[in-house]
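Chemist: Take a look at this one; I'll ask things after.
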Amino acid sequence: MNVAILLAAGKGERMSENVPKQFLEIEGRMLFEYPLSTFLKSEAIDGVVIVTRREWFEVVEKRVFHEKVLGIVEGGDTRSQSVRSALEFLEKFSPSYVLVHDSARPFLRKKHVSEVLRRARETGAATLALKNSDALVRVENDRIEYIPRKGVYRILTPQAFSYEILKEAHENGGEWADDTEPVQKLGVKIALVEGDPLCFKVTFKEDLELARIIAREWERIP
């Protein structure tokens, strides 16, 4: 059984909106509904768990009617806490693999879902990633240090893992920027799957405007 964990518990403070960004509506759908739709259509996904804050349960319930949705789980104050809540909920389902995705990345393709899961079956863990094409610098005390961009990737989501591996990685708690970091500390090789720029994270108002433009054509994009 392959289960997608859709993280939608963030506060979206950098967006400066009245509601969390994952619940902002673009082209008739809330942001979280775009990746959810991809998971529901994907033959590689058997079930979906949506993680959000208690006060948004009713909103999500009204928007979600599908047999693949296994449940809505209350998220924590941090990303890692939300992932652990989902893993605990999934114990009774005994999934083989779980796929973790940020709801703030609305434009998820089915082919990436399938490929990340395929690579996770080979190594135990895989993540969507994008080669960096920009110049990179580190700034410290007003000094700029250039970082070689060869071999540098941007880590995206979705990220797929053996359920048992991800559960073990989170057993001792901790706070992580994503889930590949604690998994790698177990000595598990992380497979990288080449993504594309469409899988960007909506963080600022400018990102939301770009998302509106893409959403108008999203159903036509293969």
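Backbone N, Cα and C define each Cβ position, glycine as well.
The site 'Transition state stabilizer' feature in Swiss-Prot is assigned to ARG14, LYS21. Annotation source Swiss-Prot lists site 'Positions MEP for the nucleophilic attack' at ARG149, LYS201.
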Chemist: Using DSSP, would you call LYS21 (site 'Transition state stabilizer') helix, strand or coil?
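Modeler: In the DSSP reduction, LYS21 (site 'Transition state stabilizer') maps to helix.
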Chemist: Using Cα coordinates, what distance in whole Å links ARG149 (site 'Positions MEP for the nucleophilic attack') and LYS21 (site 'Transition state stabilizer')?
Modeler: 31
Chemist: For ARG149 (site 'Positions MEP for the nucleophilic attack'), which DSSP three-state class applies?
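Modeler: The residue in question, ARG149 (site 'Positions MEP for the nucleophilic attack'), is coil (DSSP, three-state).
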Chemist: So of LYS21, ARG149, which of the recorded sites has the fewest other Cβ atoms within 10 Å around its own Cβ?
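Modeler: Lowest Cβ count within 10 Å among the recorded sites (LYS21, ARG149) is ARG149.
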Chemist: Let me know how many other Cβ atoms fall within 10 Å of the Cβ of LYS201 (site 'Positions MEP for the nucleophilic attack').
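Modeler: Taking every protein chain into account, the count is 15.
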